[in-house]
């Protein structure tokens, strides 16, 4: 199969949402050098796809032997690229129309009053936010100083501070100002064969995606649950913070993704992770095996609306942006996700020994963030928001009151009105305890973090008498084999929520992590 035909088929699969740019290209049986070329061709063709289709239609070019998606990549190379290379039987069929296609391109540029071809790219693609490449130094395998020294040895210069644009020049790096084990690299750096990545010394993970484990900060020797864990970058971050002691139970419903977690945590040298195939919602908080769990990281599936720099913006058309149907569908999905998020968060609060629960999403929607927090605060009285969370980070949560009115669906029951208002004003004071990020200002993916703590009086009441934590020597020191635990009464299988769609891809061809269950965690 010709190179252009393969590229065209990837374009078609992307239109049908049958995968991501990265996963589809990685699946192609072509040499590594051709994968890079194919990535560039597919991405550039997507940028110009709308104008290419206008040109072909206006030029009245119809070539039955060439599939429409293949025609797009061929016309891209003809008009905007370096010219059609070895196009096989397709090349002469397109070249017959070269003059008409070039003439139509000239007409469109005159009509739209543009001189530069790049100005033909839709504005939402042209102005997309570009982020630096972040890597987290895996302190189980290497020190920050040693990793920096290795980059310098390979021709990189260490910058003292991040540029105001957030983007570094080629062959430069700098250490993050908030989390020392995070390094910033140029956005276009290719790390797929980097030995530090291959041996687990560094992990590609967006800075914001590191916030949940950093904020939860579980101590050595404790027991932790990562409730929606795969593919596992946040899990391995927890393991590093705990210095490979204690135990981390990592839940995920997807067998393939859990296998990825096992692979990546093994590469990272994690020995305190027990992978569990199954839903966190099926875990019984009263089961004795969970009696010492004190910390829970909850990064459930979300809309992913905060993700940038993952090339998904290339799949959004101008028509999509103007479509009310798309907006309504998105609103319905966000509402469904928010209900799931509330359910799983309240479930986390039921574990008797839990002291802290961190909740995070890679969503920009208040419905999945502040509204979820407000709802669970109103629904129970054992947990409240922790204060002084990540004080060096400036951007905080949104207030529940905007434009002078409460976000209430109705005021039909006066008895509850006073309680609702009390919680609203409490939340106004608590918004400062929530963390938000803004991609355009903070140069990270859009993210939200809330840290809940059990109230002191409730903590004393919840602690079982005579409970002792197992010494480290009695805990598992290797990643446990894949298994699903079932205790007590059989539970009905829960339907997969919209929240189980967790394959989010970021960056080019390497591992990356933005977050949900995955707020963008991603795997090679």
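Glycine too: its Cβ is placed from the backbone N, Cα and C atoms.
The active site, nucleophile annotation in TrEMBL covers 362. Under the three-state DSSP scheme, residue 362 (active site, nucleophile) falls in the coil class.
Summarising the annotation, TrEMBL assigns S-adenosyl-L-methionine binding site to 228, 229, 230, 231, 232, 233, 234, 252, 299.
According to TrEMBL, the compositional bias 'Basic residues' annotation covers 482-497.
According to TrEMBL, the compositional bias 'Acidic residues' annotation covers 510-524.
Here the domain 'SAM-dependent MTase RsmB/NOP-type' (123-455) has a mean pLDDT of 87 out of 100. Among the features that TrEMBL reports, domain 'SAM-dependent MTase RsmB/NOP-type' is placed at 123-455.
Annotation comment: TrEMBL describes 462-524 as region 'Disordered'.
Per TrEMBL, transmembrane segment is recorded for 406-429.
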One finds that other Cβ atoms within 10 Å of the Cβ of residue 234 (S-adenosyl-L-methionine binding site) number exactly 32
Largest pairwise Cα distance, Å, within the listed S-adenosyl-L-methionine binders 228, 229, 230, 231, 232, 233, 234, 252, 299? 13
Applying a 10 Å Cβ distance cut-off over all chains shown, what neighbour count does residue 232 (S-adenosyl-L-methionine binding site) have? 33
Give me the count of other Cβ atoms within 10 A of the Cβ belonging to residue 299 (S-adenosyl-L-methionine binding site). 29
Distance check against residue 362 (active site, nucleophile) for the binding-site residues 228, 230, 232, 234, 299, keeping those with Cα within 10 Å: 299
Here the recorded positions are 228, 230, 362; which one has the lowest number of other Cβ atoms no more than 10 Å from its Cβ? 228
